[in-house]
Amino acid sequence: MNNSNLSTVDGTDRLCVSERAQCVPSQVLHLRQLPADVSEQEVLALALPFGRVSKLITLKAKNQGFLEMASEEAAVTMVNYYTSAPPTIRNQPIFIQYSTHRELKTDNLTNQRMALHAINAAAVHSGNMASGGEGRGLAPSQSPVLRIIVENLFYPVTLEVLQQIFSKFGSVLKIITFTRNNQFQALLQFSDTVHAHHAKASLDGQNIYNGCCTLRIDFSKLSALNVKYNNDKSRDFTRADLPTGELDPAAAFGNARRTRISTDTQQKIQSGPHAVSEDLPETVSLARELSTRVAPPAVHSVLLVSNLNPEVRGHSLLVAGVYGDVQRVKILFNKKENALVQMSDATQAQLAMSHLNGQRLHGNVIRVMLSKHPVVQLPRGGAGQEEQALTRDFSGSALHRFKKPGSKNFNNIFPPSATLHLSNIPSSVSEDELKDLFSSAGFTVKAFKFFQKDRKMALMQLASVEEAIEALIALHDHQLDHNQHLRVSFSKSTI
């Protein structure tokens, strides 16, 4: 399964590893910028959430590799997902594209099949692959909940530290921490199973701090967590309204045994991250390394959005409403490429920042960060007409998606993608009418498909992620008939 086994591919003597990025789908994927000593298991970990891998070739001298998925659908799903959430191996970004090759041909094929079969089987056995996933291109069927054990707990690990580290891989919805068998453990729920799989593949065995606090990660048998309290032991990031009462950790386990939290560990955890940081060794690994890329838990609910197209109006920034309810938007009077966006709470601000930072809006790559302002002030009575027009109050907007505490919409939060999820479609509206709606608004419809079991929903693929963002802004809540409005969000699926 390395380059010593290569013979010919499409009639050539060796694989062409300088091919340009291809937009024509293929079962064969080309991976670039792999670590020099990358293992086959590490490469497979990127692919297994999307289906079975048929063949794998690594060209370690060139830091490249090729893998062949069992179906083209699985390959398309994998490329589309990693386009919006670029993968990493050992914190090194990996580039994935379609190969010009339609299949991989290698010497010693029998040995490779046996090796791949063993690895695929081991992945299935350990829960790292979707059951029956061959050829489907589906995310793994296991839970989006991870069970985390922290070994060699020399320094306290807080709920906030876990949220900071794991948020790098996707939206963290809920965390419960507890002690069992004298080990500090946690249950952590992602919004999506693929995010959980990616986090496990990247973080299992890593040290939070230098030489200690080692993460041991597995998938939980639970499909979701039931958090009753928001405090230093548990947190539901979708429910800011929960009380702070004492948590019984056993509540998360249904009828499982009641667990105890040791007094010693409670004291360590309650000391908080600031107490820890004063005594940390000079060299820390994961926590400090990630701190430059993963923002700490939000203090305020206001975002600063910069590098906006000067023609952007406040309504365009309602794209943040996919990740929370936008309360107010203020475009700065003397610097109209900057704006302040106030979300309902700090968790929603964090979600919007992590998903929208670096996206392209009306031609400009926008930057999103937390603002030092606790609220967006409305203009005073004496403000000029232009200044008043630059501030919009959306607190009573019908566009809000998360009015209800614990809304199921929190479970359907995905990065911006070229494929949109349409819902609340009246039975009288046809496919052609929906296509015409988007086309007449200036968007290029590449594909469309109604849900087989529920014709009130559909997927629509546009020409680019940027087009999809602008289409969502323009057409979410568009009135389709006298009492039904179209709902538009980003999809993790493809057509």
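Cβ from N, Cα, C; glycine included.
Per TrEMBL, the features are:
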DOMAIN    27-101  domain 'RRM'
DOMAIN    146-222  domain 'RRM'
DOMAIN    301-373  domain 'RRM'
DOMAIN    418-493  domain 'RRM'
Original post:
Per DSSP, what is the residue count of the domain 'RRM' (301-373) in each of helix, strand and coil?
Top reply: 20 helix, 24 strand, 29 coil
Original post:
Tally of helix, strand and coil residues over the domain 'RRM' (146-222) according to DSSP?
Top reply: 22 helix, 34 strand, 21 coil
**OP:** Calculate the per-residue pLDDT averaged over the domain 'RRM' (301-373) and state the result as an integer.
**Re:** 86
